[in-house]
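First comes the structure, then the notes that go with it.
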Amino acid sequence: MTPSSVTLNCSNCSHVLAPELNTVKAVVLGMVLGIFILFGVIGNILVILSVVCHRHLQTVTYYFIVNLAVADLLLSSTVLPFSAIFEILDRWVFGRVFCNIWAAVDVLCCTASIMSLCVISVDRYIGVSYPLRYPAIMTKRRALLAVMLLWVLSVIISIGPLFGWKEPAPEDETVCKITEEPGYAIFSAVGSFYLPLAIILAMYCRVYVVAQKESRGLKEGQKIEKSDSEQVILRMHRGNTTVSEDEALRSRTHFALRLLKFSREKKAAKTLGIVVGCFVLCWLPFFLVLPIGSIFPAYRPSDTVFKITFWLGYFNSCINPIIYLCSNQEFKKAFQSLLGVHCLRMTPRAHHHHLSVGQSQTQGHSLTISLDSKGAPCRLSPSSSVALSRTPSSRDSREWRVFSGGPINSGPGPTEAGRAKVAKLCNKSLHRTCCCILRARTPTQDPAPLGDLPTIKIHQLSLSEKGESV
């Protein structure tokens, strides 16, 4: 009996005979897609755990990245396994009802992932354009509202076919595909891709323009600072400080903070720019093929081309963790920490003691330091001074150093401060926080000349009273 006779004899049957399964092809395809899915699940879980387990990554920007990872994880764990089985068997075996649910969840996760990139691009624009005001503009409450709105819009776009906005379902239940009804195809393509893409491109064009302008301004500022002095002095005085000294302090500190903050925002924008570039390359073919095939059936591409563009879009959800790992040193260290089964909530205690420094509520402008290891208080006296200095050979903000020019008084004894390796300096009046490496001096020493002061290497800088790292 030939295949044509099988088709002829079954032309009036309610079910078409299942094609014979190619075992070798199924095994190879299953292994490839299985690795693909496993990589997406593990990679996005690592991204989420990196932020959860590392406090210095718990910022608004990384919360948006976590939301992106959640959307990609849902896609990798709830949609891709059934898509892979569909590809391996070359037919749908889970029934019509589950087919409709699977297609809706597919659109939901993909739309949420794309809109997360849109929100991230807006966040990066604000971070680069207004680096010093960013913590006040992009608060955690506003970030939560943005994430909630993102998911609400994704649900609205994805549930249309569940309420009948689709073409009639085929009689054969082994056929399952996303809706190609022209109206919904255009609506979903515009809402899920083209509108977010327009916002993303507009934001990153603005980021590029602002970054170029800001870089030129900071270079000019660096030249002026260098010709005037290689030091930016931050002094903590009593309440009778003159207005002129305070204004000069604020002006010079503003430049240092602006330089450090902008450098970090620019790096984050570059990393997420790579993410957006990969997103466009992965999703653009599918969102070109889908509406064209729906509106002009004569130009509909073959099933093979459609499947390739479909899985290329899926591939985007699996490569984002790779991008973070390759282009973001903080994520790289966090991944290494997680793979070493070591969840860091704070700075490692093996060779660093973390100190938090806050302004005393009862001692005027003095700063109180408390050691996390033993809680022993240390205090910088009101006459102490701290200086930010850039080495002449430095080319970026990572070469800025901090000098402490005043005595550090320790409660239990001088050895407590001597063992401290990591410190956080806080001054609410200027809204700055520095986490640095400190080479301590004994409390009895007189303030040394500026050139002989101990060096402190900056690890983090924060512009908020709560010490949110930037």
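Just so you know, glycine gets a Cβ as well, placed from its N, Cα and C.
Keep in mind that this is a model prediction, so the values were computed, not measured.
Feature list (source: Swiss-Prot):
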{"type": "TOPO_DOM", "residues": "1-27", "note": "topological domain 'Extracellular'"}
{"type": "CARBOHYD", "residues": "Asn9", "note": "N-linked glycosylation site"}
{"type": "CARBOHYD", "residues": "Asn12", "note": "N-linked glycosylation site"}
{"type": "TRANSMEM", "residues": "28-51", "note": "transmembrane segment"}
{"type": "TOPO_DOM", "residues": "52-64", "note": "topological domain 'Cytoplasmic'"}
{"type": "TRANSMEM", "residues": "65-88", "note": "transmembrane segment"}
{"type": "TOPO_DOM", "residues": "89-99", "note": "topological domain 'Extracellular'"}
{"type": "DISULFID", "residues": "Cys99-Cys176", "note": "disulfide bond"}
{"type": "TRANSMEM", "residues": "100-122", "note": "transmembrane segment"}
{"type": "TOPO_DOM", "residues": "123-143", "note": "topological domain 'Cytoplasmic'"}
{"type": "TRANSMEM", "residues": "144-167", "note": "transmembrane segment"}
{"type": "TOPO_DOM", "residues": "168-181", "note": "topological domain 'Extracellular'"}
{"type": "TRANSMEM", "residues": "182-205", "note": "transmembrane segment"}
{"type": "TOPO_DOM", "residues": "206-271", "note": "topological domain 'Cytoplasmic'"}
{"type": "TRANSMEM", "residues": "272-295", "note": "transmembrane segment"}
{"type": "TOPO_DOM", "residues": "296-303", "note": "topological domain 'Extracellular'"}
{"type": "TRANSMEM", "residues": "304-327", "note": "transmembrane segment"}
{"type": "TOPO_DOM", "residues": "328-470", "note": "topological domain 'Cytoplasmic'"}
{"type": "LIPID", "residues": "Cys343", "note": "S-palmitoyl cysteine"}
{"type": "REGION", "residues": "375-416", "note": "region 'Disordered'"}
{"type": "COMPBIAS", "residues": "381-392", "note": "compositional bias 'Polar residues'"}
Local Cβ density at Cys99 (disulfide bond) - other Cβ atoms counted within 10 Å: 20
Non-local residues, at least 6 beyond the ends, that sit with Cβ under 8 Å of the transmembrane segment (28-51): 57-58, 62-63, 65-66, 69-70, 72-73, 75-77, 80-81, 84, 87-88, 314-315, 317-318, 320-322, 324, 331, 334-335, 337-339, 343
Helix-strand-coil residue split for the topological domain 'Extracellular' (168-181), DSSP-based: 0 helix, 0 strand, 14 coil
Whether the transmembrane segment (272-295) meets the transmembrane segment (100-122): three or more C-beta pairs under 8 angstroms: yes
Tertiary neighbours of Cys176 (disulfide bond) (same chain, Cβ under 8 Å, six or more apart): Phe86, Trp92, Phe94, Arg96, Cys99, Trp102, Ala103
Maximum Cβ pairs under 8 Å to the transmembrane segment (182-205) - stretch from the list 65-88, 100-122, 144-167: 100-122
Same-chain residue ranges lying at least 6 outside the topological domain 'Extracellular' (168-181) that approach it to Cβ under 8 Å: 14-16, 18, 86, 91-96, 99, 102-103, 106-107, 160-161, 290, 293-294
